[in-house]
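Written below as structure tokens is the structure these notes are about.
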Amino acid sequence: MLEGKIKDFDEITSFLGNYGPFQILIIVLLSLSAVPCGYMGVIVVFVSDTPEHHCKISINSTRNGTDVELPFQERGSSSSSSGSSWIGPDSCSRYKRSGNWTETVGLDNDTEQCLDGWVYSTERYTATVVSEWDLVCDNAWKVPFSTSSFFLGVLIGSFVSGHLSDRFGRKPVFYFTMVLQTVTALIQATSVSWVMFCILNCLRGLGQISNYIASLVLGSEILSQSARVSFTLLCHSLGFGIGYALLPLFAYFIRGWRMLLVATAIPGFLFIPTWWLIPESPRWLLQKGRVEEAELVIRNAAKMNRVPVPEVIFEAGECLEIMQNKGEEPQTYTYMDLIRTRNMRNITVLSVFIWMSTAIVFYGLSLNTSNLNGNVYLNCFISGAFDIVSYVASWLLINRAPRPTLLFSTLMFCGIMLLIIKLVPEDMHLMFQVLALLGKMGVSGAYCFTYVFATELIPTVVRNMGLGIGSTAARIGTIICPYVIYMGVYSKILPYIIFGTISIMAAVVGLFLPDTRNCKLPNLISQAKPIRGLCFSCNLKSCNSCPKETVTAHAGTTEEFKEMSKSAPC
């Protein structure tokens with residue numbers, strides 16, 4: 001009987017309503033907090049882009065007899081007036097000179113490395129980290145490595161933030177990581193070496209993902225079921241997408257990488273005063289046995305919404321298992337609880353694979369924007385706009401289709417679009433761009449939807465750890481992601497084939513997850529749902545149509561499975 005009561009947290013607090021002033025305030029503030037996370041995750045597109053370049057040379061000045069360094073010249077024909085092809089056959093070598101450099105004489109057919117460094121085009125950027133520290137030719141590997149250092153920080157943040165948030169609270173971790181992301185970006189703008197830049201990139205990644213996950217979980221646990229779906233899938237994702245779309249606007253007007261980091265860091269300071277507006281998660285407070293604080297949060301919300309409050313909100317009998325008994329040591333959950341039971345183990349393994357696959361495709365297509373033909377600023381903006389369209393479409397479909405079906409459809413659409421690129425002739429640049437952006441739109445819907453799905457699948461007591469471990473697995477893929485993109489130097493189509501294949505594999509795996517549509521958030525590990533397994537056509541309400549062996553595999557005993565079907569509408 002108690003087990004059923006535990007699932008009724010939303011019912012206990014239903015007197016607050018769904019979209020009162022309190023809920024709207026939480027939705028707006030936490031959605032705005034996702035804007036910096038949106039552009040901080042892909043700012044490397046502009047900060048670490050490689051401008052056109054050629055070997056640095058100097059010619060003798062007939063006026064004073066000194067060497068004068070030539071500015072960057074576009075590569076063209078062999079004549080000096082039309083380009084830099086007379087300097088060398090490519091951007092990493094130059095023709096040897098006999099005597100002083102001139103444009104037409106003194107050049108041998110033999111080549112040598114760029115002994116004096118490189119000259120970079122300033123048509124698109126005044127400076128990037130590539131031109132700052134000559135990360136080209138033999139040092140070109142440092143560019144994807146610096147990007148991977150960011151995702152290494154994201155990996156570490158995904159792993160540790162979940163445990164810290166479950167232990168110390170959603171709110172403290174949310175604000176600490178917000179400050180960490182902001183301050184690190186400011187310090188990174190003063191980097192004096194590539195090594196310093198990479199270390200700070202790692203710290204910035206740690207703050208970015210930790211802040212994003214903490215805000216997502218905090219909002220999901222404060223809001224009711226109806227508002228939670230709108231917040232997670234639409235508002236919070238829109239904040240991320242708007243941040244992504246704003247990035248090319250920042251970069252267009254600020255062409256230097258240092259000032260671009262400063263400009264994008266400043267908005268983070270604007271959220272610090274919201275500490276006094278956003279409360280701690282009442283679900284987390286109850287789980288820690290802090291009933292009075294949880295009731296205070298609900299009473300303040302009711303006061304803001306101008307609704308009457310019951311004299312006692314959380315009855316002892318209703319919340320006996322979700323909250324700790326007074327005088328008892330609070331129960332501590334660990335990452336081992338994510339694989340301790342069959343249902344949790346299945347959900348964790350499948351979720352890890354889907355998160356990894358979705359993240360590597362999403363960030364792979366996002367970071368590859370600068371390699372598409374056309375204007376990089378316009379391509380990045382269109383990619384962000386497509387993301388926003390995808391988030392809105394997913395929100396409209398979320399309650400009209402089963403969760404696994406929606407996940408399958410978006411990932412399969414992405415995979416098909418990317419694999420079709422193989423059939424497009426190389427000279428059809430527009431079609432190439434359209435298919436890549438359509439694929440990006442599909443995986444964007446799956447990426448934001450994955451957070452919603454995982455939040456509904458993982459119980460409250462280990463939710464942040466579960467989201468953290470799933471996000472950690474995803475970052476292992478995104479660390480490799482820049483090197484997959486780097487393969488485009490040798491075969492432009494190869495990264496898209498890899499991303500498309502991964503997307504289709506994840507789509508198939510997604511069909512095994514249980515549907516959580518119209519279900520209340522699980523609080524305890526015992527409430528984790530079984531995967532659909534061998535019985536895709538079986539609905540929990542009609543589980544008698546399944547073979548007994550299948551039912552038993554799902555939930556241990558037929559009686560337990562039937563009992564679950566009564567308590568869960570999905």
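Backbone N, Cα and C define each Cβ position, glycine as well.
According to TrEMBL, the feature domain 'Major facilitator superfamily (MFS) profile' maps to 26-518.
For 24-47 (among others), the entry in TrEMBL reads transmembrane segment.
The transmembrane segment annotation in TrEMBL covers 143-161 (among others).
Look at TrEMBL and you will find 173-200 (among others) tagged as transmembrane segment. Only residues 6 or more beyond the boundaries of the transmembrane segment (173-200), in the same chain, are considered here, and those with a CB under 8 A from a CB of the stretch are 33, 36-37, 40, 129, 133, 135, 142, 145-146, 149, 157, 161, 164-165, 206-208, 210-211, 214-215, 218, 257-259, 261-262, 264-266, 268-269, 271-272, 275, 278.
The annotation transmembrane segment is assigned in TrEMBL to 231-254 (among others).
Here the transmembrane segment (260-278) has Cβ contacts under 8 Å with residues 25-26, 29-30, 32-33, 35-36, 39-40, 43, 46-47, 171, 174-175, 178-179, 181-183, 185-186, 188-189, 218, 247, 250-251, 254 of the same chain, all six or more residues outside its ends. Per TrEMBL, the feature transmembrane segment maps to 260-278 (among others).
Annotation comment: TrEMBL describes 346-364 (among others) as transmembrane segment.
What TrEMBL lists as transmembrane segment is 376-398 (among others). Outside the transmembrane segment (376-398), and at least 6 residues removed from its termini, the chain residues within Cβ reach (under 8 Å) are 38, 42, 45-46, 49, 124, 229-230, 233-234, 237-238, 240-242, 244-249, 251-252, 365-366, 369-370, 406, 410, 433, 437-438, 440-442, 444-445, 448-449, 452, 517.
According to TrEMBL, the transmembrane segment annotation covers 405-424 (among others).
Positions annotated as transmembrane segment by TrEMBL: 430-454 (among others). Beyond its flanks by at least six residues, the transmembrane segment (430-454) meets 216, 229, 232-233, 236-237, 240-241, 351, 354-355, 358-359, 361-362, 365-366, 368, 372-374, 379, 382-383, 386-387, 389-391, 393-394, 398, 403, 406-407, 410-411, 413-415, 417-418, 420-421, 424, 466-467, 470, 496, 499-500, 503, 506, 513, 516 of its own chain at Cβ-Cβ distances under 8 Å.
Annotation source TrEMBL lists transmembrane segment at 466-487 (among others).
The annotation transmembrane segment is assigned in TrEMBL to 493-513 (among others).
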Proximity verdict for the transmembrane segment (143-161) and the transmembrane segment (466-487), three or more C-beta pairs under 8 Å: yes
Cβ-based contact of the transmembrane segment (405-424) with the transmembrane segment (493-513), 3 or more pairs under 8 Å: yes
Close approaches to the transmembrane segment (493-513) from elsewhere in its chain (Cβ under 8 angstroms; 6 or more beyond its ends): 346-347, 350-351, 353-354, 357-358, 360-361, 364-365, 368, 403-405, 407-412, 414-419, 421-422, 436, 439, 442-443, 446, 453, 457, 484-485, 487, 531-533, 536
Long-range Cβ neighbours of the transmembrane segment (24-47) (under 8 Å; 6 or more residues past either end): 125, 128-129, 146-147, 150, 174, 178, 181-182, 185, 204, 208-209, 211-212, 215-216, 218-219, 222-223, 227, 230-231, 235-248, 250-251, 257, 260-261, 264, 267-268, 271, 274, 277-278, 304, 363, 366-367, 369-370, 376, 380, 384
